[in-house]
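As recorded in Swiss-Prot:
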type	residues	note
MOD_RES	A2	N-acetylalanine
DOMAIN	23-103	domain 'Importin N-terminal'
REPEAT	35-67	repeat 'HEAT 2'
REPEAT	87-126	repeat 'HEAT 3'
REPEAT	132-161	repeat 'HEAT 4'
REPEAT	172-204	repeat 'HEAT 5'
REPEAT	214-249	repeat 'HEAT 6'
REPEAT	313-361	repeat 'HEAT 8'
REPEAT	456-492	repeat 'HEAT 11'
REPEAT	498-535	repeat 'HEAT 12'
REPEAT	542-588	repeat 'HEAT 13'
REPEAT	596-637	repeat 'HEAT 14'
REPEAT	642-679	repeat 'HEAT 15'
REPEAT	684-722	repeat 'HEAT 16'
Amino acid sequence: MAMEVTQLLINAQSIDGTVRKHAEESLKQFQEQNLAGFLLSLAGELANDEKPVDSRKLAGLVLKNALDAKEQHRKYELVQRWLALDMSTKSQIRAFLLKTLSAPVPDVRSTASQVIAKVAGIELPQKQWPELIVSLLSNIHQLPAHVKQATLETLGYLCEEVSPDVVEQEHVNKILTAVVQGMNAAEGNTDVRLAATRALYMALGFAQANFNNDMERDYIMRVVCEATLSPEVKIRQAAFECLVSIASTYYEKLAHYMQDIFNITAKAVREDDESVALQAIEFWSSICDEEIDILEEYGGEFAGDSDVPCFYFTKQALPGLVPLLLETLLKQEEDQDLDEGAWNIAMAGGTCLGLVARAVGDDIVPHVMPFIEEKISKPDWREREAATYAFGSILEGPSADKLMAIVNAALTFMLNALTNDPSNHVKDTTAWTLGRIFEFLHGSTIETPIINQANCQQIITVLIQSMNDAPNVAEKACGALYFLAQGYEDIGPSSPLTPFFQEIIKSLLAVAHREDATESRLRTAAYEALNEVVRCSTDETSTMVLQLVPVIMMELHNTLEGEKLSLDEREKQNELQGLLCGCLQVIIQKLGSEPTKSKFMEYADQMMGLFLRVFGCRSATAHEEAMLAIGALAYAAGPNFAKYMPEFYKYLEMGLQNFEEYQVCAVTVGVVGDVCRALEDKILPYCDGIMTQLLKDLSSNQLHRSVKPPIFSCFGDIALAIGEDFDKYWRYSMPMLQSAAELSAHSAGADDEMTEYTNSLRNGILEAYSGIFQGFKNSAKTQLLIPFAPHILQFLDSIYMEKDMDEVVMKTAIGVLGDLADTLGSHVGGLIQQSVSSKEFLNECLSSEDHTIKEAAEWAKHAITRAISV
């Protein structure tokens with residue numbers, strides 16, 4: 001088979017489609033019929049220096065893909081399949097992989113490094129292949145340079161794949177020693193130094209104990225800083241990447257090194273290759289991110305007794321750092337204004353300047369204003385654009401008091417520049433800066449309004465005029481209008497935008513119809529601005545919003561009439577459908593209540609027909625937006641929505657079955673909740689189908705985990721809608737809730753993402769319990785719930801004891817305690833009295849500063865008192 005595998009791998013890369021397809025099918029068949037033989041053949045191919053490079057590289061890639069996948073359920077299957085292989089096969093594959101590290105071909109060695117790391121990622125947590133790290137490190141000093149390079153690369157990938165708690169500290173120390181020695185200037189081979197520097201980047205997460213040791217930390221930092229001065233660009237870049245990672249991982253250990261780091265970052269930004277300079281700027285962005293997080297967590301003024309101290313590195317560096325960043329703003333590229341994906345030193349510098357402003361607040365203003373004042377009127381467009389970019393970058397962070405006078409003085413100048421500056425670059429940045437002014441310094445919370453009767457008309461006229469400019473400028477003008485409208489969100493019965501409403505709407509629709517509207521996200525920006533203008537409008541303009549309904553409906557209708565379209569045209573059309581459905585959703589929410597409801601509902605049948613047709617277009621984005629619009633329509637229509645259910649139900653079911661496009665599934669679950677609230681017990685005929693599908697979704701390991709919390713919430717919505725009729729589902733739903741509750745109560749998040757997910761899961765479970773209790777209240781069937789009370793109280797106690805719940809969970813949890821007492825009364829009085837929740841947790845909520853938590857707790861306290869006193 002060996003010869004045949006070589007040929008199949010070569011054929012699988014053939015330009016002849018028939019040959020390629022046949023080879024791919026044969027490889028797939030081999031894999032399905034004899035997995036062990038298949039993997040062994042691939043590893044043998046990869047390790048054989050006599051085989052063609054192309055077949056070896058593909059063998060490694062196929063082998064890697066047989067061990068890992070992006071989708072969690074698929075990854076789990078592949079891991080189980082590997083673990084099920086007999087030990088002899090696995091040992092032979094491992095031996096082949098380790099042998100390949102000494103192959104003369106760099107690409108082949110690199111592929112083997114990645115595959116070894118994938119195997120380690122599966123086996124080390126299972127306490128298998130314990131000798132791997134020792135065998136990689138055993139004679140690293142005696143190895144030829146190319147093998148040393150491959151070994152270091154393998155160690156780097158291994159650290160990326162494996163969790164730090166899986167590797168013993170003794171092995172971690174040895175890995176770091178080998179890596180740091182490989183980085184040392186004494187190492188003569190450039191490839192080895194580069195591999196070592198990249199490996200350190202991946203191994204930093206393992207170095208906690210080493211960074212706690214002063215001598216070891218000093219040594220690592222010295223070697224990294226020396227590597228930033230290497231003659232090789234790639235090594236310098238990789239060394240700065242290490243510093244960026246150290247800034248976020250070991251911020252609190254950096255004080256001793258900051259002066260040296262400032263000097264080397266400044267030198268790199270001013271003199272080095274752009275790829276290196278970008279990383280040097282990124283170091284300061286990371287420092288700012290850390291300090292912003294610390295200061296936000298401790299409410300602005302940092303308290304000295306906190307876990308992570310704030311060292312104010314950014315504030316101390318201001319006199320040197322700000323001039324350095326301002327210099328970068330002058331290094332624009334000629335066409336960056338036309339390239340949406342552009343990223344260069346000027347953009348990185350501006351982004352970092354914005355983070356500095358957020359980290360230090362008012363202190364940045366005197367450091368930046370002289371630069372702005374000097375350059376804002378210069379003949380060279382670069383200087384004008386840099387000054388404008390600097391101004392826009394510091395608008396978030398400093399207080400309104402500090403900025404107000406400056407912004408008031410600059411506003412007229414900015415409006416003139418947007419109209420008259422000859423440079424597209426300058427106009428682009430000016431429109432963006434105006435958007436930032438309206439985002440951060442305009443709104444009901446600002447004492448002295450920037451926009452007043454005197455300048456409102458000029459601002460709107462200039463923005464509307466700029467919507468006819470080049471697509472990139474027009475897109476930013478739409479963005480500025482978006483924030484202008486948003487600032488009037490809580491304006492009351494009368495809005496300063498009312499006199500201009502019709503003109504604004506007309507102009508935005510005209511922009512959306514421009515022939516070049518698909519450039520620079522222009523069409524999307526126009527509809528986003530239109531939505532915000534509608535959302536923040538007042539009753540004064542409701543007639544005009546109503547007139548918009550048939551216009552948008554006709555646009556949506558036209559997208560559904562298209563004849564045969566090319567792939568590109570179809571994609572643009574689907575995007576437009578999504579935007580139009582999103583626009584209709586905002587209009588429904590605006591007009592779907594009195595006094596406009598009755599007039600608006602005349603369009604409901606036509607609108608529903610259009611949304612159902614959108615489902616036929618098979619575009620996930622449009623599908624999501626149409627589904628959300630239907631949710632809004634259900635809320636507006638209330639019980640009358642029942643007439644749409646016979647036709648809509650099949651699409652609802654399709655959405656719940658859509659595991660692939662899980663966002664569609666998540667949105668559909670939310671819409672089930674909307675429909676339940678609208679129809680109440682009229683949803684009953686559809687509940688068997690909906691509950692069956694929701695239970696299937698929960699049992700599936702193919703569905704993205706983020707959809708599962710809203711499914712639990714949806715149980716609550718259904719129970720609340722159908723009341724005691726939910727009894728036919730509780731025997732299936734309650735055990736599922738119980739097992740999910742046990743899992744979430746004790747899965748304290750290993751990281752922020754896990755904590756967030758755990759809280760989301762707990763909230764979903766609690767919302768389900770809340771809906772079920774409220775749905776069964778005053779029913780003869782409440783006794784069905786009594787056996788679950790001990791478990792629910794235990795769940796509440798355990799999540800309280802974990803001390804990691806967020807405020808949303810806190811409010812829902814105390815609400816469930818009240819619902820349980822309210823619905824089950826004296827049946828559970830004794831149990832409640834024994835729980836931690838009814839004492840410590842309740843008292844904590846009663847003294848909460850969040851009035852919604854406090855109100856929920858007061859209600860729960862009354863319900864508990866009633867349950868105990870009966």
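From the backbone N, Cα and C atoms, a Cβ is placed for every residue, glycine too.
Residue counts for the repeat 'HEAT 13' (542-588) under DSSP (helix as H, G, I; strand as E, B; rest coil) come to 41 helix, 0 strand, 6 coil. Averaged over the repeat 'HEAT 2' (35-67), the predicted model reaches a pLDDT of 94. Counting only same-chain residues 6+ beyond the ends of the repeat 'HEAT 15' (642-679), those with a CB under 8 A from a CB of the stretch are 608, 612, 615, 620, 623-624, 627-628, 630-632, 634-635, 686, 689-690, 693-694, 697, 700, 702-704, 706-707, 710-711, 713-714, 717-718, 720-721.
Taking DSSP states H, G and I as helix and E and B as strand, the domain 'Importin N-terminal' (23-103) has 64 helix, 0 strand, 17 coil.
Each residue in the repeat 'HEAT 16' (684-722) gets a DSSP state, and the totals come to 34 helix, 0 strand, 5 coil. For the repeat 'HEAT 12' (498-535), the DSSP counts in helix, strand and coil order read 32 helix, 0 strand, 6 coil.
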